[in-house]
């Protein structure tokens, strides 16, 4: 297969470049990449002092915070703020094409190695707890997504819950701990094949993702797992792995080839970080790169959706079309006026997809982000300066702050940030709040 | 036990709507003047009911929004001694609000009068202000404000007194504000004083757990305010606060800013359109031709204004959802 090979070579050179870039800025924090680099180091010889690859990128949080001469932490805090600001400025403005309708299957390792106690209380309990938090947060940010659960136990893949858009259904499947008691060896291939099978019918415009929480260092497979990998690449399934023990070659290969993320959890907090990094919707260009030649296939579609009217529980009871039960509350299909119990769903009568519009609107701030505010550096520009923050009416300091050492790039020494559109000034707190939470400029109102 | 509470009141001060509202052919005409008198009485009640209660008042004017009063304003020591017969805090609030409104209304010239109302600005300002009082920072403390114990931080809520109709251009910012209010656990109450029900504010009240009151007897404004909007969120669980009977989950389309109940949604970015389009205006995604042809058949007759007789027979059975399109 000549084209296949060419593809592989291209991939190779890509990763080389990554490594070169990485060694340039070793001091950077980026955990995932650092792992990559140190892995290579280890491969070359025993030159590195770190005994384990995943320990290489460990930065102590207290090392990054430095007291200033006066012994106060304000400059360090200001510095952190500045770093956040700069990261926002650097963020690509065109990352608009994100897959918003997502389908995710979480594969939980239920093998005996999950009973290890290196993470408190056990790997198993901790992953269940984090999986619950992950599911809640994931549905909060991806309201139109669906999650299914598969377990790896005793050499088999076990379906724990079907694909569902209702977080309660998914959470119920992992609420009973005794049903999930770990046993035997895990089988990556069986579980991935099962997950792949249940995603085969999905429309092309939605994403297909697999997240594996993997605690073992072995896998017992009935066949060649690399064939499974081929099929995942063909089906454009993105596989991400969070390993609890150590890096496995086959896991990394899965993630690299399918465009997913790989990480080894170093401690409880890092485990959670790795999981929660997977919550925001992935940008679509990563997906098309992984898909190679199939990228220009139209993977978008226009869908017809209805926005229902919600009836209160005081309205006269009527039969619902989904369960044929007599109840008062419910949603009315805007096209055929049938009454359904819950949204999002497909109307059983006319087939219209019924969603509540707030579900859709939750993701709009990805599409129309607030422009980054510019830091005002000096007061003498001739123009009139507002006395107080335009948003919260906090008054601005008249003179530059005493700690003039903290004039890092992107920070204003006088604490003013100006919207490029409406030319109003905002204070530091409002700047952060507006960009991270509200996503709407109080001055221009958009 | 009983926590102090904070209200951010947003007054919708659209001159044209208030003019319409005061016309005598209305069943219960209400002028801006009598409205303000009743609202000020309500605000005084709020201050009086607990010493620690705080207040912020925002005005939404055509094309802009202004903070009219806040309890943390430093410059409240005006020289005039005031009337000895009025409780001092009441007097400060009343005179401040009235003079600020007068100033702002004076400064509006004719060209601005028809500008869209700055409700979004007022709402986001209220959110920023609440964010500020929830997280007292060192900078405010050094400015002389008292250092607040986190336990005594007030329970915040927002009350919107609305007279203007829905502004569909501000759909996205309003929804964004609602979600941030949800995140901060702020309740948004809405009292609709004049005009038709607004879909977006209904959703705001529903999503944040507030109450939406449509005022039918507008001469009883004060009574409504006191009965349903004065109790603090903690108290409200014990009281029968009016709830909405029906919530409309309609959205505004991105292309013509119409409010639609059946829309066409881009699968990549979830933009809503009121009719099938060939290219998504937000993310520049091209849609397949077959889908467009299929969806065209579903269009309501009014929008199509061509021969719609073909589809009067029955609602089409095949699903119009995200399944891969089948050429037909």
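Quick reminder: no glycine exception, Cβ is built from N, Cα and C everywhere.
All annotation found in TrEMBL is predicted automatically rather than curated by experts.
It should be emphasised that the depicted structure is a prediction, and the values quoted were computed from it without experimental measurement.
Annotated by TrEMBL as region 'Disordered', the relevant range among A:1-51, A:52-102 is A:1-51. For the zinc finger (A:333-350), residue counts in helix, strand and coil come to 0 helix, 4 strand, 14 coil, using DSSP. Through the fold, the zinc finger (A:333-350) approaches residues 143-144, 165-166, 306-309, 311, 318-323, 325, 327, 356, 359 of its own chain, all at least 6 residues removed from its boundaries and within a Cβ separation under 8 Å.
When averaged over the domain 'VWFA' (A:103-244), pLDDT in the model lands at 88.
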